[in-house]
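Q: Just passing along the structure, written as structure tokens.
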Amino acid sequence: MTTHSLASREQAIFITCLIILWYSTNIGVLLLNKFLLSNYGFAFPIFLTMCHMSACALLSYFSIMFLKLVQIQRIKSRSQFLKIATLSIVFCGSVVGGNISLKFLPVSFNQAVGATTPFFTALFAYIMTLKREAWVTYACLVPVVAGVVFASGGEPSFHLYGFIMCVSATAARAFKSVLQGVLLSNEGERLNSMNLMLYMSPIAVVVLLPVVLVMEPNVLSVVVSLGMEHKFMWPLLLINSAMAYGANLCNFLVTKHTSALTLQVLGNAKGAVAVVISILLFRNPVTFIGIAGYTMTVMGVVAYGESKRRCK
């Protein structure tokens, strides 16, 4: 075996392990969120989000300043800081909304709604930047939305408030990605995702703390009592928070070592894997209409990604 083929094989093994780790952290944090919010009486989705953001702040600082995973990028102006703060607040809204929806909806339906992100991304891109896609690309978004409509009608555990929060979280996630492109379009202000997380996370904690105190005032006493009653709750909460950072880190590394298109394809498959695992673990009832609707949405997302690639 030549040196070149050996290096290629090692690179392929490394990328495969990275993708497995990315799947594990993403699906793991999603399922643990659902488990904590539904099984332990841990009804504090905003506090859970604050735990995630605290872990991201601490671990981002450690990874960049001590492990030197990426080079530190400094904030250069007050204007840049305000842009990052705006992104942080929108990001907070998307994570909080997603966690609240998991309190009321099964993971399978949550993922079906989350798959409509490209629809909201295209919508916000057009509204904010007047960026137009080819008509074929927009046509691919029809089954994306139609699939969720079908899945909603066939979802036995449908909950209106949970659905509204899930749609809001999906829209906020798409809005954040478009807003990021608009606000940090200047070459001098652009940050890689690891440095952006380093600055966004502490801002998110500061924003979420007063919200927790107002909307979840008894969180500390309840969490302490639950931790004493269920000995695994605190370790699960710590693992869950660390996994939230791990998911962001793996997302960055997979993009760095593959491509954005590969990430999109893998993301579509990840959603399907998460749905199957959640159904097996939580045994939430599913219907043929629900499965057909989710399948339609995923196929629409795949077609959308392919049409964008061809148009480029």
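Placed from the backbone N, Cα and C atoms, the Cβ positions cover glycine too.
Please treat TrEMBL annotations as automatic predictions, because they have not gone through curation.
What TrEMBL records for 12-32, 44-69, 81-102, 108-128, 135-152, 158-175, 196-214, 234-254, 261-282, 288-305 is transmembrane segment. The domain 'Sugar phosphate transporter' annotation in TrEMBL covers 15-304.
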Q: So what pLDDT does the domain 'Sugar phosphate transporter' (15-304) average out to?
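A: 90, rounded to a whole number.
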Q: Examine the transmembrane segment (44-69) against the transmembrane segment (108-128) and state whether at least 3 Cβ pairs sit under 8 A, considering only residue pairs 6 or more apart.
A: no
Q: Rank 81-102, 135-152, 158-175, 288-305 by Cβ pairs under 8 Å to the transmembrane segment (108-128) and hand me the top one.
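A: Highest pair count goes to 158-175.
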Q: Would the transmembrane segment (135-152) and the transmembrane segment (288-305) count as touching if the test is at least 3 Cβ pairs under 8 Å, pairs 6 or more apart?
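A: The answer is yes, given that the two segments have at least 3 Cβ pairs within the 8 Å cut-off.
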Q: Short question: most Cβ pairs under 8 Å with the transmembrane segment (196-214), which of 12-32, 81-102, 234-254, 261-282, 288-305?
A: 81-102
Q: What parts of the chain pack near the transmembrane segment (81-102), using Cβ distances under 8 Å and only residues at least 6 beyond its ends?
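A: Residues 30, 33-34, 37-38, 45-46, 48-49, 52-53, 75, 110, 113-114, 162-163, 165-166, 168-170, 172-173, 175-176, 179-180, 183-184, 189, 191, 196, 199-201, 203-204, 207-208.
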